[in-house]
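S.K.: Questions regarding the structure given below will be posed in turn.
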C-alpha cells in the first residue's frame with residue numbers, strides 16, 4: 001500500500017482517505033436504513049429485547065427483536081448482534097421484557113423485564129411495534145415477568 005501512496009502528494013492522499021471514509025460512512029448509513037424495526041415470532045409468548053443500533057456515525061435507531069426459540073434475553077441480543085456486526089453496525093441493549101402475540105385477535109401485549117438487561121421502555125416498544133402492526137391492539141404493562 002505504501003508503494004501505491006508514494007506516487008501521490010500529501011493532499012491527494014488526504015483526499016483519497018477522505019473519499020474512502022465518506023464511502024464507508026455511506027455504506028454504514030445504508031446498512032442501518034435496511035435494518036427492519038421489528039422482527040418477532042409470529043405467535044405465542046416469548047422474551048424480547050430492544051436494541052439500539054448504531055452506524056458508526058451519529059445515526060442510530062431502536063429495533064425490537066423477540067424469538068420464541070430463545071431461552072434468555074441475552075440469546076436474542078447475541079444472535080442479532082452478530083447480524084449487525086456483519087453489516088458493520090454496533091448494537092446495545094437497553095432492556096427487554098416479554099411479548100404475547102396473538103395474530104388471530106390482532107393483539108400484542110408487552111410486559112415484564114429482563115433480569116440481565118433490565119426493563120425496556122414499553123411505551124417506546126409499543127410505538128415501534130405499531131409500525132409493523134398498525135391494525136393490532138397493543139397493550140403495555142409494567143407488571144409480570
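Glycine residues also receive a Cβ, built from the backbone N, Cα and C atoms like all the rest.
Whatever TrEMBL says is automated annotation, not expert-curated.
These came from TrEMBL, pasted as-is:
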- 47: substrate binding site (BINDING)
- 73: active site, proton acceptor (ACT_SITE)
S.K.: Cα-Cα separation of residue 47 (substrate binding site) and residue 73 (active site, proton acceptor), in Å?
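M.R.: Between the alpha carbons of residue 47 (substrate binding site) and residue 73 (active site, proton acceptor) there are 6 Å.
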S.K.: State the three-class DSSP label for residue 47 (substrate binding site), counting H, G and I as helix, E and B as strand, and everything else as coil.
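M.R.: Its secondary structure by DSSP: strand.
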S.K.: Let's check the environment of the residue listed as 'substrate binding site': how many other CB atoms sit within 10 Å of its CB?
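M.R.: Excluding its own Cβ, the residue listed as 'substrate binding site' sees 22 Cβ atoms within 10 Å.
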S.K.: Suppose we draw a 10 Å sphere around the Cβ of residue 73 (active site, proton acceptor). How many other Cβ atoms does it contain, all chains included?
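M.R.: Around residue 73 (active site, proton acceptor), other Cβ atoms within 10 Å: 25.
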